[in-house]
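Feature list (source: TrEMBL):
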BINDING   S29, G30, G31, S32, D33, S34  ATP binding site
DOMAIN    25-201  domain 'tRNA(Ile)-lysidine/2-thiocytidine synthase N-terminal'
Amino acid sequence: MSSPADTLPERVRALLPETLPSRLGVAVSGGSDSLALLHLLVRIARDEDVRLFAATVDHGLRPDAAAEAASVSETCAHLGVSHVTLKWTGWDRSGNLQDQARQARYGLLRDWAVLQDIPAVALGHTADDQAETVLMRLGRASGVRGLSGMSFARDLDGVTLWRPLLGETRTALRDYLQAEGVRWIEDPSNQDLRFDRIKAREALGHLSGLGITAETLSRVAANLGRANRALEHFAQESARRVAKEIACAVRVDRAGFAALPEEIQRRLLVGILQRISGPGYPPRQSKVEQVVQAVVAGRSSTLSGCQILTDGNSSWFCRELTAVSACVARPAELWDGRWIATGPDTPGAQIRTLGETGLPQVPDWRATGVPRMVLMATPAVWLGDQIVSAPFAGFLNGWTFEMDPKFPEFSASFLSH
Ligand SMILES: Nc1ncnc2c1ncn2[C@@H]1O[C@H](COP(=O)(O)OP(=O)(O)OP(=O)(O)O)[C@@H](O)[C@H]1O
């Protein structure tokens with residue numbers, strides 16, 4: 001890290017996959033990091049017959065933003081890289097502006113990439129960003145996953161994000177730009193101490209006496225990233241042994257679960273909850289601990305729109321009936337954001353929970369071996385008050401339900417995305 005600027009291109013190339021896609025995106029704000037990334041990728045793309053596409057998001061929040069985007073556009077034209085400015089106009093003047101702007105930025109970049117048939121977009125996060133992330137997460141008492149910081153690659157709804165500068169310090173990148181005679185834009189919000197990231201940057205400057213620097217903290221992140229991958233692997237293997245997906249629910253063998261280390265129990269629980277009620281913010285640590293205890297002790301509980309029921313040696317994780325009882329969809333529409341029904345053309349058919357009134361219409365539901373509460377929260381096909389099909393309760397009548405293929409398979413729920 002912080003090694004000489006003249007070997008920077010080789011170091012960055014070595015981090016990227018061996019074969020690059022023929023169309024590669026790069027997100028350029030105009031600051032030193034992403035501008036260095038642009039220049040480095042131009043060199044790489046030229047050597048490897050890759051077409052580079054750059055995008056700048058104009059959040060419309062600072063008077064200079066449009067001029068900055070125009071300056072990036074000019075630089076790109078000079079380098080022979082096609083460039084677009086993506087404008088964000090969506091702020092409703094409520095909520096956390098930084099957070100909304102960031103989410104909007106990723107959304108715009110993702111949609112642009114999909115539209116342009118660009119499978120991967122490179123971002124200019126550096127070792128300094130990584131160190132600041134780790135420092136901020138220390139303040140939130142994060143665990144192994146959080147302290148692993150940002151990963152090199154991540155999926156953003158079908159587009160891969162790469163961070164090839166994570167091993168480089170901002171100083172090394174600025175040295176490189178200076179050597180190349182490139183000028184960058186200083187973002188004034190980088191001085192704004194209202195932002196935690198800027199506070200972390202400031203604090204980092206006072207910790208070097210303890211050997212805590214951008215380099216060491218980003219190495220800590222890399223070490224913990226490796227540990228995290230090992231834990232994910234173990235969690236995935238454990239899930240295969242003690243958990244099984246049945247009828248929109250997950251059945252967990254309580255004895256197997258109780259024998260697992262606490263960290264793995266927690267990871268299993270969070271993965272299962274997100275599998276059942278869809279991705280979202282992970283539940284709070286204290287809540288997760290309570291539910292782990294409840295499963296081990298055989299008590300029922302609820303969390304994140306899921307119901308956890310005990311049935312002999314098993315715990316069942318299913319949708320909480322009240323969380324889905326108002327969900328109504330037509331066949332071919334997503335039910336509860338995830339399930340799609342396919343069956344014979346039935347005008348007027350609706351997808352609703354099987355519920356208390358539907359279950360008695362399915363005489364053989366007990367043959368499934370699935371608890372009543374679990375089945376009641378599953379989707380069924382209705383025509384008025386009549387059940388047409390309840391596949392999870394064993395009454396198919398020509399219908400099936402499948403999870404939207406955009407969701408990964410169950411065992412992938414325990415891996416970071
Ligand atoms: N306005 C922008 N337009 C295009 N790309 C941007 C813009 N802002 C940031 N980026 C991209 O994101 C990278 C990281 O910048 P920054 O740390 O400000 O982003 P962030 O999205 O807030 O990061 P994080 O993912 O940690 O929240 C930049 O190097 C650049 O590649």
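Each residue, glycine too, has its Cβ placed from N, Cα and C.
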Filtered binding-site residues, from G30, S32, D33, S34, whose Cβ is under 6 Å from an atom of ligand 1:
D33, S34
Which residues does S34 (ATP binding site) neighbour through Cβ under 8 Å, counting only same-chain ones at least six apart?
V26, A27, V28, L123, G124
Centre the Cβ atoms of S29, G30, G31, S32, D33, S34, go out 8 Å, and tell me which other residues of that chain have a Cβ in range of the ATP site.
V28, L35, A36, L37, G124, W184, I185, D187
Counting across all protein chains shown, how many other Cβ atoms sit within 10 Å of the Cβ of D33 (ATP binding site)?
22
Since the record lists G30, G31 as binding-site residues, which of them has the fewest other Cβ atoms within 10 Å of its Cβ?
G31
Taking 10 A as the limit, how many CB atoms besides its own sit near the CB of S29 (ATP binding site)?
22
Neighbour count, 10 Å Cβ-Cβ cut-off, for S32 (ATP binding site): what number do you get?
23
Model confidence over the domain 'tRNA(Ile)-lysidine/2-thiocytidine synthase N-terminal' (25-201) (mean pLDDT, whole number):
92
